[in-house]
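Visitor: I am attaching a structure below and will ask some questions about it afterwards.
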Amino acid sequence: ENQTMVRNFILVGFTAGRKLQIFIFVVLLVIYVSIIIGNLVIVTISIVDHGLHVPIYYFIWNLSLLEIGLTSSVIPKVLFNLASGEKTISVIGCFVQFFLYFIFGMTEFLLLAAMSFDRYVAICHPLCYSTIISNRLCSLLVLGSWGLSFALLIGQSVVVFELPFYNQNINHFFCDGAPLVKLSCTETPVLDLVNFSIAVFSLLGTLIIIVLSYANIIFAILHISSTSGRQKAFSTCASHLIVVFISYGSCIFMYVKPIHMGGLDISKGVGILNTVVSPLLNPFIFSLRNRQVQKALQK
């Protein structure tokens with residue numbers, strides 16, 4: 001009971017030798033720079049090119065900003081630790097990383113749900129699209145996603161960092177939720193339930209919206225008489241579906257499970273998909289599969 005609480009945590013996600021750490025640093029640095037450049041290109045062309053001043057691209061460049069924020073909340077610290085050989089992170093730094101990672105992540109899932117609604121209206125109610133999906137509604141959906149994420153996470157984040165931590169070693173390469181809670185010497189059934197409920201709401205709740213939207217979209221596409229019309233309708237949704245598959249696949253595995261189920265070593269591997277692979281692929285997915293974006297890039 002008289003033990004002193006820790007002031008710094010030690011991230012033990014990477015336990016490889018020094019040479020391997022340097023190799024990982026170089027690879028990760030190249031990937032991180034590519035993520036920043038790729039997503040900034042999407043943001044820039046979506047703002048500069050007037051042909052892309054439509055709701056779906058407003059959502060896409062906001063999604064790219066979220067990807068930049070999500071990756072930047074984790075990777076720079078990992079790069080610093082790999083380069084310096086240190087593994088420590090202050091409690092305040094850990095709190096900031098924890099909060100930013102989850103608020104960017106949750107906002108992204110809410111935004112993906114908003115994008116599915118946009119595609120639903122565009123394909124199922126094309127004549128009413130400009131009336132329903134107005135610039136004001138798009139702004140409200142983006143701001144609402146940010147506001148709801150902040151409201152749900154701020155209380156949870158404060159509670160997590162008020163726990164008594166007596167063990168320094170975080171079994172991860174960043175301050176994820178489950179490894180942090182495991183360091184506490186107290187039982188946290190209420191916090192575990194809250195964390196699980198937030199994960200279910202942000203992941204499964206938004207996924208239900210996406211599934212329902214695309215169920216109606218597929219039904220509408222099947223009723224299009226021409227083959228070219230069906231292909232065109234589906235191509236407008238293909239990029240979004242690929243991003244949804246990648247993003248939800250990793251996060252549902254990581255967070256929609258009771259904390260006592262463990263599996264942190266596997267979660268570290270899945271965490272790389274969420275923080276590195278998905279943000280890297282998104283710019284290529286949206287640019288390579290979209291003719292309007294390709295034309296804007298050529299301009």
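Glycine too: its Cβ is placed from the backbone N, Cα and C atoms.
The transmembrane segment feature in TrEMBL is assigned to 20-44, 56-75, 95-117, 137-161, 198-222, 234-256, 268-288. According to TrEMBL, the feature domain 'G-protein coupled receptors family 1 profile' maps to 38-286.
Tell me what's around each of these sites.
Guide: Mean pLDDT for the domain 'G-protein coupled receptors family 1 profile' (38-286) in the predicted structure: 84.
Among residues of the same chain six or more beyond the transmembrane segment (56-75), those with a C-beta under 8 A of the stretch's C-beta atoms are 28, 32, 35-36, 39-40, 42-43, 46-47, 97, 100-101, 104-105, 107-108, 111-112, 114-115, 118-119, 122, 135, 138, 141-142, 173-174, 243, 274-276, 278-279, 282-283, 286, 292.
Away from its own ends, the transmembrane segment (137-161) comes close to residues 55, 58-59, 62, 91, 94-95, 98-99, 102-103, 106-107, 110-111, 114, 117, 177, 180-181, 191, 194-195, 198, 201-202 of its chain (Cβ-Cβ under 8 Å, at least six residues beyond either end).
Long-range contacts of the transmembrane segment (198-222) within the same chain, counting only residues at least 6 positions beyond its ends with a Cβ under 8 Å from a Cβ of the stretch, are 105-106, 109-110, 112-113, 116-117, 119-120, 123-124, 149, 152-153, 156, 230, 233-234, 237, 241, 244, 248, 251-252, 255-256.
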Visitor: Cβ under 8 Å, sequence separation of at least 6 from the ends of the transmembrane segment (95-117): give me the contacting residues as numbers and ranges.
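Guide: That would be 56, 59-60, 62-63, 66-67, 69-70, 73-74, 77, 89, 141-142, 144-146, 148-150, 152-154, 157, 160-161, 174-177, 180, 198, 202-203, 206, 209-210, 213-214, 240, 243-244, 247-248, 251, 274-275.
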